[in-house]
Every structure is written in structure tokens, then in C-alpha cells.
Amino acid sequence: MNPYILATLLFSLGLGTTLTFASSHWLLAWMGLEINTLAIIPLMAQHNHPRAIEATTKYFLTQATAAAMLLFASLSNAWLTGQWDIQLMYHPLPTTLASIALALKIGLAPLHTWLPEVLQGLDLITGLILSTWQKLAPLALLLQLQPTNSSLLIILGLTSTLVGGWGGLNQTQLRKILAYSSIAHLGWMVLILQFAPSLTLLTLITYLMMTLSTFLTFNLNKATNINALAASWAKTPVITSLAPLMLLSLAGLPPLTGFMPKWLILQELTKQDLAPTATLAALSALLSLYFYLRLSYAMTLTMSPNNLTGMIPWRLPSTQYSLPLAISMIITLTLLPLTPPLAALFTL
């Protein structure tokens, strides 16, 4: 892609998200979401491949449906209450419609079916943008909403954690596994949204770092399915030895970073007298742990049968820029001891 066009599209992505962040009017927020959607579509379709075109079409139709529903919710709110302010949305009908529309935009279960199929048709870098940056603007709007039906977000969150765990069990494609991982993590964020929004923000930041390191590791190895992970030792031995820790951090095992948000969320749910909800969420994390362990096994304990020891690729100079991977990997593995100051920072 022409670098000027790429720079314009990336600038439009940033502009759309910033516009949504800064707006208190529903029309401006909706406009930011639309700029975001229209900017990423050429990035998704840049590879002239049927799977990429199919994924782009599915994504466009889904986002257009969610945008129309969100616009209808904001119009209904203006009709019923006479104002367009995002934070003054108190009528149950437009609030529920807006919550469902935003859930469709970010891929919360049971509105998640488009996400694995779309992510499977993209390359890993575009998939990384879709899994991280594209979640920011809808989540910012969800944070500003004051839902009148509190059980809606709990149902969406629990369903997402369960579907994200069950859906990834029988997958062999890495991008689909990462899509179900995204659904499960978004479920944890939405589960705690109405009780402790600062914990949602903390979970989002840790998820962004862990997902960044995972996508960059798979992109460095040029791996798109589990079988391709078997050749990782010959390509990047140091990163391959750290990758199981990174995947277990995504699963939420101590003493790694991913344990921090799950620990704090379960603690807050228990304080809110939602012990059964916390128990179900913790059990659903075990489902995700299975396929993360499966990826770790495939990456470190199996060897490619066609690997020639005389042609070890890691001895050749690498042409990829690895500083973002190094920074995100350190954060993914070692942030848990900083939990008290981070929790204090996010609860100010």
C-alpha cells in the first residue's frame, strides 16, 4: 500500500477514536465511530484475496447494523427526553438499545459470531488493530452510559466469558483462537463495568499489552495455525521460550500480569454480593486456560519434522522491528508485583 494512503488511513483511525473520546453529543460520537469503520476497511481489503474481501464485507455489514441501531437509540433518547447528551441517558429503551449496539460493535456474546470469521480472513497486523484499537471507542461510550437494566451487562459479560472459553477449545487457527480470547476478555471487562469502571480500564490496558505481544510473536514466526508453531524453535528460540509465559499470562495465571485484573474483578464481584457470578467467571477462565496450554505445548514441546539443523533461520539477521514486542512482553510477564500502586492509581 502507498505510504501516503496508509498514513491517511491511520490518521483517520486516530481521528475517529479521538472524536468519540472527546464528544458528549451522540451524533458526534456516532460520527467518530463511522470514521473509524471507514478508515479500517481499506486496510482490511488491501490484500486482494477472497477471504480478505469476505471478511471486509462481513465487518462492514455488521458495523453498519450496529451504527444504525446506535443512531436509532440516540434519536429515541432525543425524542423521549429532549437532549443528546451521552451521560444523561436515563430512559430504559434507548439505553438498552445503545448497550446492545455497542456490544455488537465490539463483539460481545451472543452478538459475537462475526468476530472469529472476520479475524480469520485478515493478516495478523490488521487483526491486531481490529482486536485492540477498534475496541477503544465503543468501550469509551459503554463507560459513559449509565444502564438502567444492570442485569443486561452481567448477562452479556458472563455469556462472553463462557462463549470465549468454549469457542476456542476445538480451534486450530490461531486468529480464531485469538478472537475467542478477545471475546472472553471483553466479557470480564463488561462484567465489572457498572461496579468499578476503573477496573474495566485497568483490564483493558493489560489486555492491550498482552494481545500486542501475542500478535507480534505470531507475526514474527509467520504462524497462522497450531501446526506452524512447531517450527518456532528454529526461527526465534528466545521468544519461543518466553511465549508459554505470555500465553499463561493471557490465561490469568499467577505470578504473571494477566492474573491481576481477574483477581481484582473477582474480589469486587464478591464485595457486590455476586459470588455465583464470580464463581462462573472463574470457572470459565479454566476453559480459556486449556487452549492457551494447548498453544504452549504446540510451540515448545513439539518439533517440526522438516526442520534441517544446518539451516537454522535464527542465525540469519532479522529484518523485523522488535522493540514493541520487547516492551509489551516485559509488561505481559512482570507487572503483577506492581498491583497495589496500579490499583491505587486506577481508583483515584
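Backbone N, Cα and C atoms are what each Cβ position is placed from, and that goes for glycine too.
Annotated domain 'NADH:quinone oxidoreductase/Mrp antiporter transmembrane' per TrEMBL: 23-285, in sequence order.
Under the heading domain 'NADH dehydrogenase subunit 2 C-terminal', TrEMBL lists 289-340.
With a threshold of 8 Å between CB atoms, the same-chain residues lying at least 6 positions outside the transmembrane segment (57-76) that come near it are 26-27, 30, 33-34, 37, 40-41, 44, 84, 91, 93-95, 97-98, 100-102, 104-105, 114, 117-118, 121, 130. According to TrEMBL, the transmembrane segment annotation covers 57-76 (among others).
Taken from TrEMBL, the feature transmembrane segment applies to 96-115 (among others).
Same-chain residues lying 6 or more positions outside the transmembrane segment (151-170) and placing a CB less than 8 Å from one of its CB atoms are 96, 99, 103, 108-110, 112, 116, 176-177, 180-194, 274, 277, 280-281, 284-288, 290-291. Residues or ranges marked as transmembrane segment by TrEMBL: 151-170 (among others).
Summarising the annotation, TrEMBL assigns transmembrane segment to 177-195 (among others). Here the transmembrane segment (177-195) has Cβ contacts under 8 Å with residues 103, 106-109, 112, 115-116, 118-120, 127, 131, 135, 139, 142-143, 147, 150, 153-154, 156-165, 167-168, 171, 203-204, 207, 211, 214-215, 250, 261-262, 265, 268-269, 272, 277, 281, 284-285, 288, 291-292, 295 of the same chain, all six or more residues outside its ends.
Per TrEMBL, the feature transmembrane segment maps to 201-221 (among others).
Under the heading transmembrane segment, TrEMBL lists 233-254 (among others). Packing against the transmembrane segment (233-254) from elsewhere in the chain are residues 181, 210-211, 213-214, 217, 220-221, 261-263, 285, 288-289, 292-293, 295-296, 299-300, 303-304, 307, 312-314, 325, 329, 332-333, 336: each is 6 or more residues past its ends and has a CB under 8 Å from a CB in it.
The transmembrane segment annotation in TrEMBL covers 274-293 (among others).
Away from its own ends, the transmembrane segment (321-346) comes close to residues 198-199, 201-202, 206, 209-210, 212-213, 216-217, 220, 239, 242, 245-246, 249-250, 254-260, 263-264 of its chain (Cβ-Cβ under 8 Å, at least six residues beyond either end). Positions annotated as transmembrane segment by TrEMBL: 321-346 (among others).
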Residues from the same chain, set at least six apart from the ends of the transmembrane segment (201-221), whose C-beta lies under 8 A from its own: 124-125, 127-128, 131-132, 135-136, 139, 143, 174, 178, 181-182, 185, 188-189, 192, 228-229, 231-232, 235-236, 239-240, 243, 246-247, 249-250, 257-258, 260-261, 264-265, 320, 322, 324-325, 328-329, 331-332, 335, 342-343, 346
Mean per-residue pLDDT computed across the domain 'NADH dehydrogenase subunit 2 C-terminal' (289-340): 76
